[in-house]
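A.B. asks: One structure, as structure tokens, below. Some questions next.
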Amino acid sequence: MLRFLTAGESHGPALTAIVEGMVAGLPITREYINEQLARRQGGYGRGGRMKIEKDQVQFLSGVRGGRTTGSPVTLQVINKDWANWSEIMAPGPEANLNERVVTRPRPGHADLAGAIKYNHDDVRNVLERSSARETAARVAVGTLARCLLEELGVEILGFVRRIGSVEAMIEENLAMEELQKRAGQSQLLCPDQQAEEAMIKEIDQARKNGDSLGGVFEIRAYGVPVGLGSHVHWDRKLDSRLAGAVMGIQAIKGVEIGLGFGSAAVPGSQVHDEIHHSPDRGFYRSTNRAGGIEGGISNGEPVVVKAAMKPIPTLYKPLLSVDLKTKEPFAASVERSDVCAVPAACVVGEAVVAWELAAAMVEKFGGDSLEELKERVNRWRQLVRQV
Ligand SMILES: Cc1cc2nc3c(=O)[nH]c(=O)nc-3n(C[C@H](O)[C@H](O)[C@H](O)COP(=O)(O)O)c2cc1C
Ligand SMILES: C=C(O[C@@H]1CC(C(=O)O)=C[C@@H](OP(=O)(O)O)[C@H]1O)C(=O)O
């Protein structure tokens, strides 16, 4: 079984993750994880913090000579900004608790609900952990999973479909390589260059207005074998697990598998994917509206997950709030903030989808070393072709 935990505050010394259950012998480099961490830091519309950080991973356990050993893998990303916060964030009595106190909860953030739930007078005790800074650790973890998937013939691709009112025009059936190339050339990870220009204008306008923007990204997984997940229990369904993982990203408020909400508005003949068979391909579909999952089980077509991100809660023209202490109405606090972080969230989306698929692979095929797992997956792929 694959599992992980992350720990760390946004302005604490570091983010840490422990991954348990990763097979032995998986080749992994710091450089590959750092590349994904850099992608997560990118995107037009991010705030000043990203100029301070240059995320780099360290392996503290479980990796030796460029390969996993089968022991728990500890990953760490240092927060450079900690140098500016060490007094405020100190764990002992030396902590300066009187500075940067936050008592005006921001609508849309975890501030108010978190402060009430954990009985804090200072919202900082909540926002430090609710911050999406934590997603750096999840991207590091997800990259480990992504490496495993690549060894097993599964490729993950993410791209941005919408920012604010601007929607990208993306041809159906565009080949994975072309999509990847176009998204890779765009700072917003948007495969439609014209839309990207309009998105940038909209982000500039939002910044000028002291406002923020959300959007939609899509994650696809190619090469997923038939049979991941199961119809037999709600919590074993692959679509349920993917939706939970993607919804678990800060600010994600909607998740669709395949046609998703679109499937509610049209008749079944325009939703379900007809089944074909040929000797060389075995069973296949000419459409993929189901997003590669039926009955909670992967059906061999690409897995397609879309996510809606709400606009960033911290506004430079803050919304009305109430001071926790005085109960007086005030404008909410303004922490330094992103205006739009949809491309960054998309990279996190790739990571969490990679994680869930890798976990489902390990669950179905088992094995303690990469060789063992690979052999089992290859045998299954052969068997499926013969059905
Ligand atoms: C990559 C990324 C960057 C984010 N940056 C900010 C930010 O700079 N300021 C902010 O207020 N919220 C930011 N958020 C959103 C908040 O973390 C999120 O809204 C908050 O934790 C409350 O959780 P919820 O929106 O899921 O309810 C970001 C989210 C992501 C995924
Ligand atoms: C630090 C990151 O994102 C942060 C997410 C975030 C939030 O409230 O979610 C608030 C901001 O934090 P800060 O106040 O330190 O600038 C973002 O910069 C990151 O993505 O690495």
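The backbone N, Cα and C atoms fix where each Cβ goes, glycine too.
The NADP(+) binding site annotation in TrEMBL covers ARG40, ARG46. For ARG129, SER130, SER131, GLN250, ALA251, GLY295, LYS310, PRO311, ILE312, PRO313, THR314, ARG336, the entry in TrEMBL reads FMN binding site.
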A.B. asks: Please determine which of the binding-site residues listed here (ALA251, ILE312) has the lowest count of neighbouring CB atoms within 10 Å.
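C.D. replies: Result for the binding-site residues ALA251, ILE312: minimum number of other Cβ atoms within 10 Å at ALA251.
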A.B. asks: Measuring Cα to Cα, how many Å separate SER131 (FMN binding site) from ARG46 (NADP(+) binding site)?
C.D. replies: 14
A.B. asks: When you tally the Cβ atoms that lie within 10 Å of each candidate's Cβ, which of the binding-site residues (SER131, THR314) has the highest tally?
C.D. replies: THR314
A.B. asks: Select, from ARG40, ARG46, ARG129, ALA251, each of the binding-site residues with a Cβ positioned under 6 A from at least one atom of ligand 1; if none does, say none.
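C.D. replies: Close enough to ligand 1 are ALA251.
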A.B. asks: Can you tell me which of ARG40, SER131, ILE312, our binding-site residues, come within under 6 Å of ligand 2 at the Cβ?
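C.D. replies: Correct list: SER131.
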A.B. asks: Based on the record's binding annotation for FMN (ARG129, SER130, SER131, GLN250, ALA251, GLY295, LYS310, PRO311, ILE312, PRO313, THR314, ARG336), what whole-number value in Å is the widest Cα to Cα distance?
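C.D. replies: Value for the max Cα separation, rounded to a whole number: 44 Å.
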A.B. asks: Out of ARG40, ARG46, ARG129, LYS310, which of the binding-site residues has the smallest number of neighbouring Cβ atoms within 10 Å?
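C.D. replies: Per-residue Cβ counts within 10 Å for the binding-site residues ARG40, ARG46, ARG129, LYS310 bottom out at LYS310.
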